[in-house]
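Chemist: Not my notes, these are from TrEMBL:
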DOMAIN    20-309  domain 'Sugar phosphate transporter'
TRANSMEM  18-37  transmembrane segment
TRANSMEM  49-74  transmembrane segment
TRANSMEM  113-133  transmembrane segment
TRANSMEM  140-157  transmembrane segment
TRANSMEM  163-180  transmembrane segment
TRANSMEM  201-219  transmembrane segment
TRANSMEM  239-259  transmembrane segment
TRANSMEM  266-287  transmembrane segment
TRANSMEM  293-312  transmembrane segment
Amino acid sequence: MSSTQQPSSSSSSKKQPLFIASLIILWYSSNIGVLLLNKFLLSNYGFKFPIFLTMCHMSACAFLSYISIVFMKLVPLQPIKSRPQFLKIATLSVVFCGSVVGGNISLRYLPVSFNQAVGATTPFFTALFAYLMTFKREAWVTYGALVPVVTGVVIASGGEPGFHWFGFIMCISATAARAFKSVLQGILLSSEGEKLNSMNLLLYMSPIAVLVLLPAALIMEPNVLEVILSLGRQHKYMWLLLLINSTLAYSANLSNFLVTKHTSALTLQVLGNAKGAVAVVISILLFRNPVTVVGIAGYTMTVLGVVAYGEAKRRFR
């Protein structure tokens, strides 16, 4: 019996690394793809509607989450159990909307490389909000590792040829909102009865986000439908680009969940640091935005600071 079971066990052990590698490739390609397509649509294509673009992303996430959970049963459906839980999810959804819209607005004014450098400061804001909201303190070594994270962005800002103040403020705001959402999620959904996995949370957050973004788009981007229809007639691939872009937004969330599930949160953090560097290189090659030695040095310092922060947090937990 053991001889017949051994090949099967060996086969499954060989398939596991291949499966995880495939998930990581999907996560990288989805994240970098949606980032580059956002930049192309918002800066190079004449599609200057970041709120409407975010609404398209959230619509795709709502629809595809429902298909994945209810029909494909990738994860069990976790129902909302109370009105207070729903209000907490709605709060998270509004904060999440703010972070995504801010990030998309910043891409209109900043190159992807600098956008990623600022985005790498997320651990700094997460540590700050965790301390202010929950009084959770880390070891001083851990806080010390955040110094090069912030210093690197300051250096990169001074060496960025395409620096834009409004874009920078939007990018910083989006990064802070993303960190605030992660801390807030830990507080609001901390009880065992309210915890939702990220896929179910996305299922409930996405429709709320669409309801928030629709009136915002109509008020703040009043000519959005007229211009989009005009662009659709001028560029026959625009609708396809929008569809691919929105699908990639969902794929990024799904693959993020799957990579975390099959590896660990620490592995995800390490891979995320590498992903940012890959996105920077690809964006520079594609968009040909000028970079300086000072800018590269600043971004490198930020990434190394994030790596040091992750390692310090692991060791001095």
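Every residue, even glycine, has its Cβ placed from backbone N, Cα and C.
Note: TrEMBL annotation is automatic and uncurated.
Help me understand the surroundings of these features in the structure.
Modeler: Restricting the average to the domain 'Sugar phosphate transporter' (20-309) gives a pLDDT of 88.
Same-chain residues lying 6 or more positions outside the transmembrane segment (113-133) and placing a CB less than 8 Å from one of its CB atoms are 35, 103, 106-107, 142-143, 146, 149-150, 152-153, 156-157, 160, 162-163, 168, 171-172, 174-176, 178-180, 182-184, 187, 273, 276, 279-280, 283-284, 289, 291, 295, 298-299, 302-303, 306, 309-310.
Proximity of distant same-chain residues to the transmembrane segment (201-219), defined by a Cβ-Cβ separation under 8 Å and at least 6 residues beyond the stretch ends, is recorded for 49, 51-52, 54-55, 58-59, 61-62, 65-66, 69, 80, 86, 89-90, 92-94, 96-97, 101, 185, 189, 253.
If you look at the transmembrane segment (266-287), the same-chain residues 6 or more away from its ends with a CB under 8 A from one of its CBs are 24, 27-28, 31-32, 35-36, 39, 44, 111-113, 116-117, 119-120, 256, 259-260, 299, 303, 306-307, 310, 314.
Listed by sequence, the residues of this chain that lie at least six past the ends of the transmembrane segment (293-312) yet keep a Cβ under 8 A from its Cβ atoms are 113-114, 116-117, 120-121, 123, 138-139, 141-142, 144-161, 266, 269-270, 273, 276-277, 280.
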Chemist: With the transmembrane segment (49-74) as the reference, find which of 18-37, 140-157, 163-180, 239-259 contributes the most Cβ pairs under 8 Å.
Modeler: 239-259
